[in-house]
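These notes concern the structure reproduced below.
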Amino acid sequence: MPKVNINRDILYKALGFYIKTYTQEQFEDLCFAFGVELDEVTSEREMKKNETGVEDLTVSDDVIYKIDVSANRYDLLCLEGIARALNVYNHKASIPKYQIVPPKNSHEKLYISKEVESVRPVIVAGILRDITFTQESYDSFIDLQEKLHANICKKRSLVSIGTHDLDTLSGPFYYKALAPKDIKFVPLSQTKEYNAEELFKFYDESSSHLKKFLPIIKDSPVYPVIYDSKNVVCSLPPIINGEHSKIKLSTKNVFIEVTANDRTKANIVLNTMLTMFSEYCKQPFTMEQVEVIDADGKSTGLYPQIQEKQINAQVDYINKSAGINITPNDMVTLLKRMSLQSKLSDDEKSIIVDVPVTRSDIMHACDIMEDVAIGYGYDNLKKEIPNCNTIGRVQPINKLSELLANEIALAGFTEIMTFVLCQNRDNFTALNKADDGSSVKISNAVSEEFTEVRTNLVSTLLKSVSANKAAPLPLKMFEISDVSIKGSLGNKDLSDPNSNNSDVGAYNKRMLGAIYCNQSAKIEVIHGLLDRIMLVLDIKLDATRSSNKGYYLELSNDKLFLPGTGINVIVNGKRVGHMGIVHPLVLKNYSCSFPCTILELELTIDTMAHNVLLREN
């Protein structure tokens, strides 16, 4: 959860609390009731001491409250938002009514070039006119940008914010994408002019906090850049603004531009910045729009767009879900306390809520129910014993896994736990298999080692053998864990715990894998382990192979194994696994120096464990 650092004295002043009489415990209770948490009480001096190890007496010793807020409550990421919400909650302020005014003149336009589509296609903008900053509000303005960048903006990769002194610029503005060498300007907090290529090199070689953002656009042949009508660079998103339009305490008119890969997130960020600080404008809670024009010369709209959406919530649903019994009019009153204007439907069976632009977290009636519960007070909710009796128990598949893990350990095998993610080769080519598209791939893999979800336990067992070359032979290891297989979408048969249809496009299988490594391949060791497993599960040997009851073995042509040594395991007429001596090419792929034999079984309740679980129950 994001933490917001706020000066206690400034916060208390904004809330109308008298510092000498309002205690920390009272504030903690207020936070809990509202749904946030006072996580830590510290000071700037103490925070710097913890960071550097040296106490600096020149740093302020004012009390700082660190407040935990929900990750989706972007309106609570600054002093202004928290104070505004708590004042309405405490009946000390009315719900603010945000207003927009059209562009002051034809210069408040932003033109988009076609080239930006390949690098950062979305831009929106707005203006705070006649704003008055104090040192505290200025610091909060900067801090909110950093909080948004770290949260919804995903460290600027998804969205980035640029703020500028409008009086130093001349509209209209132009959003372009140019070659790095063609972008020249003096970046923020610098005195020398750089082109973008030189600037990236400068930041890459320095200890600047901006270094971590360079990879976002570094490999692009063109970089996004915003100019004014006099060809002055406003910003190089998502990296740095220009020094020319730097925001100062004396700034009166603020131009805010937000570039992004996602228009919805861009609008949320722009609206948050504007609504939080519009209270300092000459006309409080008023924002000026900017017209954005696309590459074809067509207007994409005026921003910000602050139309309130409406959500209907059934009165019975709210009462039942929250465990309360209050009237519809009481719900309207409680929602007003949570800064939500609402009214009753004509039949008074539902509540129509006007969701303000600051509450992007409200998307469903359940969110309305949650705010009613907060307004009602969690401490006021009555504890009730459920009118149904349930008995908890272990999931059958987990019970089966635990039973087999104990038995295999008693047979002298060591249990291992390995990574669920792997490379593509571990699912296919390293095991002498062709890629059949059955693996679930990670869309934004952090490492080349972890790009897919494993489809088998064989590869991780072989990796474990390879990693334990220094251990004395024989090596006897096993693992019981899940693998994931890509499956077609469809309606899952809930009565069948092993149904391969999943509403997420993939399904898990519980697998058992065991490996034996020694100077010679002794398949009888693994075969003996299989026989022990079948004995424990009360599955008889079907010597005739005709009854579909019991288990038997048949020759396998799986290229994982040395020809003539691969064996399929058939239980109740279904193939549930295989075992054999691992092929030398596969051993080479995993740098295994000695022969290995492997057993891999799919564990299912209906096929593998029906007898033993029925007996135990």
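Just so you know, glycine gets a Cβ as well, placed from its N, Cα and C.
According to Swiss-Prot, the feature Mg(2+) binding site maps to Asp361, Asp367, Glu370, Asp371. Per Swiss-Prot, the feature domain 'B5' maps to 306-383.
Other residues of the chain with a Cβ within 8 Å of the Cβ centroid of Asp361, Asp367, Glu370, Asp371, the Mg(2+) site, are Arg359, Ile362, Cys366, Ile368, Met369. Neighbours of Asp367 (Mg(2+) binding site), defined as other CB atoms within 10 A of its CB across all chains, total 18.
Listed in sequence order, Leu334, Leu335, Met338, Leu340, Ile362 are the same-chain residues six or more apart from Asp371 (Mg(2+) binding site) with CB atoms under 8 A from its CB. Within the model, the domain 'B5' (306-383) shows a mean pLDDT value of 92, rounded to a whole number. In three-state terms derived from DSSP, Asp361 (Mg(2+) binding site) belongs to neither a helical nor a strand segment and is classed as coil.
Every protein chain shown contributes to the tally, and the Cβ of Asp361 (Mg(2+) binding site) ends up with 17 other Cβ atoms within 10 Å.
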